Each structure stands twice: as C-alpha cells, then as structure tokens.
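Taken from TrEMBL as is:
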REPEAT    A:499-532  repeat 'TPR'
REPEAT    A:598-631  repeat 'TPR'
REPEAT    A:632-665  repeat 'TPR'
REPEAT    A:666-699  repeat 'TPR'
Amino acid sequence: MSMRELVTGGAACAVPGSSSSSSNPLGALANALIGSSSKTQGVLKEIPNATAASPHPQFYSHAADPVAALPGSELDRPFLQSNAQGSDFIRGFRAADANGFADAWEEIQRQPPFDPLAAPAPPIQPTLDGPPQRVLSSFLHSFVDSSRSGVPLHPTPLPLLGLSQGDKQCIRDRSSIMARHIFADRSEEFINAQVNALLSSLEIENDIHARGPMPGRFRELEDYWNESQGVMKPGAHAADGWVTEFSQNRIHHGDPDTWAHSFEQQHGAGGWASEFEQEQAQLTSVDQMRGGNMQSLAAIQQTRMLAHTLSQNGDPKFQNSKFLQFVSKMSRGELIIDDNQVKPASENWATEYQQQYNRGASWADEFAQNEVFRGPDQWANEFGAERLQQESVDDQWVNEFSKLHVDDWAEEFGRQVGEGTLGDGSSDWANSYDEFLNEQIAAKQRSDASRGVYVFSDMNPYVGHPNPLKEGQELFRKGLLSEAVLALEAEVMKNPENAEGWRLLGITHAENDDDQQAIAAMMRAQEADPTNLEVLLALGVSHTNELEQSAALKYLYGWLRHHPKYGTLAPPELADSLYYADVARLFNEAAQMSPEDADVHIVLGVLYNLSREYDKAIASFQTALKLKPNDYSLWNKLGATQANSVQSADAILAYQQALDLKPNYVRAWANMGISYANQGMYEESIRYYVRALAMNPKADNAWQYLRISLSCVSRNDMVEACDSRNLEVLQKEFPL
Amino acid sequence: MPVFKTPFNGYSVRFSPFYESRLAVATAQNFGILGNGRVHVIDLASSGPVINELIAFDTADGVYDVAWSESHDSVLVAAVADGSMKVYDTALPPQANPVRSLKEHAREVHGLDYNPTRRDSFLSASWDDSVKLWTLDRPASLRTFREHAYCVYSVAWNPKHADVFASASGDCTVRIWDVREPGSTMIIPGHEHEILSCDWNKYDECLIATASVDKSIKIWDVRNYRVPVSVLNGHGYAVRKIKFSPHRRNLLVSCSYDMTVCLWDFMVEDALVGRYDHHTEFAVGVDLSVLVDGLMASTGWDELVYVWQQGMDPRAA
C-alpha cells in the first residue's frame, strides 16, 4: 500500500514554528527598529505593558482614564444608566467596597493577562487541525476561478482531507458569503449551486443553514430564470419514469389480481423483478446525482417548482412577484437547505410541488408508509427468492405480493390519481417525501459503512484457470495490474482462505490506485492470517493514508507484536490503550535493536507521517532505502512524504526512481502529477494524470485530480473529455 | 516599482502613518476560506525597487484587515477571521507578540479603522453584523453597535468629527453613527446590492463614498443623501475597497474583483482617471500614502503586494 493520500497532504500547511518566516535574527531586527528611531523608544515607554513588566500591571490608570473620557463608551453598559461620565462611575464603583461587583472588578485587575513578560502570550499555535492541503487549495482555486470562466463547478470527490467540524463550518459560511461577492453577476441559483458543489465535494453537510443572502435585492430575475432553465436538464430522474410506467397500469387498480395479471402479461413475471431492480439502480443513481451531479435534488425541485409557478400565470408581474416570493423565502430560510435538500417549510411550496407531481408524491408517500423501501437490493432479492419458491403459482405470488400492501398501494394510488389533487394531505406528503429522501441518505450511509466489503468483477475469464495465483503473480510482475486483479480474484474465489492471494490482490489494487478495494482485500487477508506482517504493515499504511490514527496504530503495533524479533518489545497489555508516543517509542527501540532492518525504518517513517513529523519520516525512509534501494514502493513513500513537507521538487525525483524500477506503477505516475500540480505546473501534471489513467482508467482519484488541473489552466474544452472519460482525446491533447 | 510576494493570498495593505516607507499587509491562506493567516510588516528600501520584510506574525486563521495605531508607531491591529483581533508591537520580540488578543466578535472580523483624530480608539466591523469600539488599554470593547441586518464589511472614522463614523454592510445600507448617541444617526440605503466598503472624503467631512457588489461606486453628501452626488461606473465586478486621497479632494482609488485598481475623479465627467490591471487575481486591498503624495499600494489574491507612484506602471521594475 503506498501513500498516495499522504501526497495530497500538507504542502501548504506547514507554518514555521517560529512566528516569523523571515530569517532576520531578532537582534538585528530590534536594532533596525529601535536603533533607527529614538522616537520609537520614547514611544515604547508610553505603551502600557510594552515595556518590561511593571510591578503593578493594570489595564489603565483611573486617575487619567482615557476610556472614561471617550464619549459614548458608557452607552454600551446598561448599568451606566446615570448620565455620569465613565470615570465617575468607576470611581464610585471603587468607593463602594461592599459591592460584590467591586471585588470582581479588582479581581480582574489583579490578573495580569496582558502583560507580555509576566505572562507571555501563548505562542501562536497553528490550530488548523486537518491538513490544509494543496489539493484543497487547488480545488478552492477552481471554485474561485469559476467566476471568471462561468463554468459551473462540478463536485469532485476529494480524498479525505481530515477537516475538522470547525474547518467545515468556516468553509461553509465563508464560501457562502464570498460567493455572493465573487459571483455577483450570476443568479442566486448559480451561486447556490456553486457553493453546494464546493460543499458536497468536501463532504460538508449543509445541515446548519449557511449564511444566506440578504432578501430584497434580486433584480436579475431574467438571468435567474434562464439559469434555472438550464438547471432543469437533469430533472428527468428515475422516479418519474417509474411512476409513468406504473400509471400506465393503473386502470386495473380496482382488482389486485387483475392488476397483477395484466402487469405480468405485459412485462412477464421475471421481468417485473428485473425491471424493478433496474429502477432501483436508477434510484440509486439519483443518489449519486446528489453528489455526482452538481444540481442535486434541491436544485431540481426548486426549478421545477419555479417552472410550474411561472407556467400557471400569464401575468408577468404576477410571475415576478411569485418568483420573488420564492427567492426571498429561500433567503429568509423558510425553505431550508438541509443536507443539500430543500426542505419545504411552507405549505404553499408543498402544494405547488404536489400539483405538478402528485403522482410521484403519492407514490413516494405510499412507498414510505408501507416501508417497502428496505433498501433496493434486499427488496429485489426477497422478491426474487419468493419468485423462485413459488414459480408458476401466480395466485400465490399475488398473495405474497399483497402482503406487502401493494394492493392497498394500488388502490390508494388510483384514488388519488382519480381525485386529481391531493387535497389537504400536502404536509403529510412533504413529510413522507422527506422520509423517503432520508431513507435514501441512510441507505447511502449504510453503503459507506459497509466499505471494506470486497467487490468482485463479473465476467472473470480466469475463473476455472488451473493456477490463478501463479498467473496473477506473473501478471503482477509484468505490470499488467488490471489483469492481475482478475486472476487473483479467481484465486481467492477458489481459495477464500488464501491470505497470500488476498494480500497480493490488495497490493495490486493499491498500486493500481484503487484504495477502497485494496483495503477490503487486505482486511480479508488479515482475517485469513491475522499475524501476517506484510498485511499488518499494509493496513497500517492505508489507515495512515485515511488519517485514521487509532486504526493505524493498532495495525502497526500488531506488526511489532507479531514480529519474531521485536515481539518481546511489545507488552500485550498495551494493545488496549495505544498512544502514539508509546508506539513510536517501541519502534525506536526496535530500530536501535537492529538498525539493519529496513522494515522497522519503514514503519517508523509511516508513524512519523501520522504525527506529521515529515523531516523525521523522510530520514527514516531514506535510511530504509539505503538498505533496500530497489523497493519501488519505498521510493513512492519517500516521494509522498517529501510532497507532504512542501518538497515537491524532491518528491518528483523520488517518484522517478520508483518509476525507473517499475515503469507501470500507476500510483507513482499519478503522484508525479500531484507533485507537479503542487508546484503550480498544472500542464505537466495533466500529462502525468493522463498517463496514469491510460494504464488504469478505473483510477477515480486520478480523474478528479485531472479535472482540477484542467480547470486550473482553464482548459474547459478538455474538462468535457475528462467528464466523459474520453481518454483518447486527452492522450492526443496531452502526450507525455 | 517594487513588488513583495506573500506566501498567502493578500487581503489588505496599509501605509504606516509614521514612516513613509513602511506598510503592513494582511494575508490569509486559501483565499481566507480556510487556513492560517499572516501579517507582514514591510519596508521599501531607500535605493532600488526592493521591499524588505521587517517582521511577520502568524495567526491561526486568516487575517482580513490590518490597521496601524495612530498613536504608537510600532503598534498595529490585525482583524482575524476567527473573530479575534490581535495587537502586535513590532518593537517587541516575536515571542512577546501579540501584546493583546481581543475576542468578542462571534464571527469573522472583516474591517478595522483606527481613529485618526482622537488616536486612542479603533473600530472593528464583523460578519456577526456588529461594529465594536475598542481602545488598546481595555481588555473588552467599549461599545457594540448592533443595527445592521447582515455582515458589516467596513468601517471608517470621519476625518473631522472625532466621534462620527460610517459602517458599510451587506444589508445594502451604510449607517452613520456618533458614538455619543445610542443608535445610528443616519441610514443610507445606498445600493441594491451588498455594500463592501465606505470611506469619508478627507477634505469635505460631509462626503462619503460607498462601493458595492453592484460594481458601482457612489459618492453621497450626508446633508442630502436622497440622490448620490456622483455614481462611478467602470468596474466589471464587485468593488471591494475604496479610499479617498489624503492629498487631493476629488480623487479616490478603488479595487475590485475584476482584478483592477482604479483611480477616479468624482467631480469630472470622465471620472475614471486611471486603471491598473497589474494583479492577476482579485484585487482586494488598496491604500494611499498619507505621507507621500501619489504613492499607492495594492494587494490581491495573486499573493503580491505592489507599491507604486501614481501614473507609473506598478509592474515596471
């Protein structure tokens, strides 16, 4: 497992420990400043606390209280209602000894918090918790840039940046406010879309209402309207198709049996399930649309609603006022953008939406109420299973099916369609629609949680191969990584307990720049062989990449504990409460014990990456490289660490070494690109990304980096090729 | 003319009121959206187009603005995006700085102005919709002015009336305040878009200029603010900062998200006197020297600080 994510780390984050970046010695500075101007010295003495500690540090002297003389200062203090001047007040205050306030006031005065010498100000500690990486910087750059090009920003799933909640809040609030200055020419819709794209890329939930715009200053209605028309395009989402299909069959809703029969006649019994599955697949693509397509459901809903409202009324004035209403509602927070969804806080909105979409509405309503929606796969599987058991018994099928209340559902559906409108159920509808959406979100989260489940490719030609492991090893050696993956998958399907097969599969995925699969495979390898050192090390590295310190420590500690030489160093009781310092100490001991063991130095390098002590990490990797100069993945680790400590130029040399040793090391190609991008050489970076992608078009991260670089050099023409993953065009345009 | 490269994106630049060659620059990482900040104190070399850094102070969040003390030549105040203000004394060693940390604003502090007449107090404008009045010798603010309905971006003391100031806000108004009064004394609904900056004319204490997201600059007479004295169009994007000349009555300078710095004479028909397009990213900070007639400085998100004489090309070496 190499350390690609590490590469993305920290290039710009290092704030020097000293508060001044200038190398000027302080003495020279003081001479320059004080020596040059005797006036300065004189002035200095006047500054309270700027001189050496005075025996009785005070905020101000009450005899000549400048504050008291400052008019208006009393206005802020409610207990100063008397029209006395502040100084009088303070004198009176002090005179009244019995007053508890006075004590408190004295207390405050006794504390010398502002005396820099007596109580030195805490050193400026850069409190940016997450690594503010160059990737982030580049991405924000493309966000800012998009104001000029007018190209909508697409959400780009970025690697884990380790942003803290506070960081996220900052990004959310500040980008919302700034976007309204930067994109002044654009419509509110565009601005929201831009900000949403930014936030969803950074996986920042819009759950706390970001600082919206001020109401009552929307003059560019025309633009807004045009813009929103453009936004509508992705609107034909899957649910509609489903509903349409459904409604074609609704004539038979009176009798569940007939309905089922005719449905079956039309689609065939088996076809129904597969069709449903298909629809479900499309439904999940709605989910992807939330992240993958900048418009998000919210935007679609807004614009549809707008379209409807505007089409209902011929009077342009009325249109505008309605429109204004909506926009100002939006801005007043009556429509809440919650988790990238617009939540209707108003009845009107719901009604309007419903009038247009009552079919979808009732569908969603019933669907949610009946809890049919248990997750697409389950439902379909269950259905399929039942189908198998009760083949050809149509009545039973219908019965089974009606247990799921589908007949009720059909009835309900028909009734509502018959009525044409939904009458007063509007808020119910809104609620259940929300429920439905929440379900979807939950389903997505579940799938995120189940990360670590290995996904096999279908249509594997190596299934049935007599010795897929050997074949896989051979392919891996030749550098045909994608082929090697297939062979190794065949191996672990045949022998699920083969730790070596899983391990090799994990390494292949890692080198092929597919982390998710790599981690999943390594976890299976660990299951099969919990003490395999290489597996433990790989897992430690990958969790370091993911910035999951405790998990990383667990595996690295496991490595030490199961190592035949160092196992004695690691007391087993430590495993319960692992602290970074302990683990680092143990590994340092191990390194002293056998300085010739490259592996220990490698682990130390990884550990130092975890604590962001990049200089030490580089030293460790360099030591390891002296012992193992032909380890290409080690060169890659060194490069990644150098990139992290703002030494992108050195990093490129290290990656070059890795590539000399293994020319089709996709990961190193992609890392080269990142390092060039870090240095602002976006053109160069593009060529490397394209090269990496030519070797493995499935490397999603590389596609995203490529997109960022393309937008940084304003190659919007090529962004399209990137989005459609048209490698041919890209390779032609950016040969290496 | 000299150029200074900052590691972070420039946010504000201010000439020292004491030394003609000295400036302070406020910078923020990642366009101020996330990351650290740094205040640079820089000095123009007496010979050659060189800018030296005298000292720099790091902050844990972006620095949006900086203001020199009008009473102590080595003291400056920085407005930090975490809602705090840091007071630095360049005469003290770095470990003794900041000499003050003032934290009351709940949100980003975006604008500062040091009182040039009384010289003992300064104002802060914040995205928490409030303005606060401070002196260096008090740990807490003296007063909070809370009337604006949206972010306050900028504040400016009146050059003649020591207790009067103006504040510009995203609620599309400029408010005029007298610190002796409990509330604002005047509300000018100056633009239909957010107002990002305001400044008083240094020769006519009744004239105030406002700059807005609507790309325009308007000059108002506070005695009759129903119609603006003048409207200056020419910027292609939101106007970020404006500053009246300390030396010429009718001259003002502006910078904008269209990446240019513009010089205007608001009394003549062709108001645009000069346009400088030396920045390659948004130009967000601009200042005019009080001590040297025609000396200008600007900074932007291209991480560069330019100092040049009016009429010259900022990029000419």
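Yeah, the Cβs are placed from backbone N, Cα and C, and that goes for glycine too.
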So if I exclude everything within five residues of the ends of the repeat 'TPR' (A:499-532), which remaining residues of that chain have a CB under 8 angstroms from its CBs? That is, six or more out. 1-2, 4-5, 451-455, 469, 472-473, 476, 481-482, 484-485, 488-489, 491-492, 538-539, 542, 545, 558, 562, 633, 665-667, 670, 692, 696, 698-702
Counted with DSSP (H/G/I as helix, E/B as strand, rest coil), the repeat 'TPR' (A:632-665) has 27 helix, 0 strand, 7 coil
Residue distribution over DSSP helix, strand and coil in the repeat 'TPR' (A:499-532): 27 helix, 0 strand, 7 coil
Return the average pLDDT for the repeat 'TPR' (A:632-665) as a whole number. 86
Kindly report the helix/strand/coil residue split of the repeat 'TPR' (A:598-631) according to DSSP, in that order. 27 helix, 0 strand, 7 coil
For the repeat 'TPR' (A:666-699), DSSP counts of helix, strand and coil? 27 helix, 0 strand, 7 coil
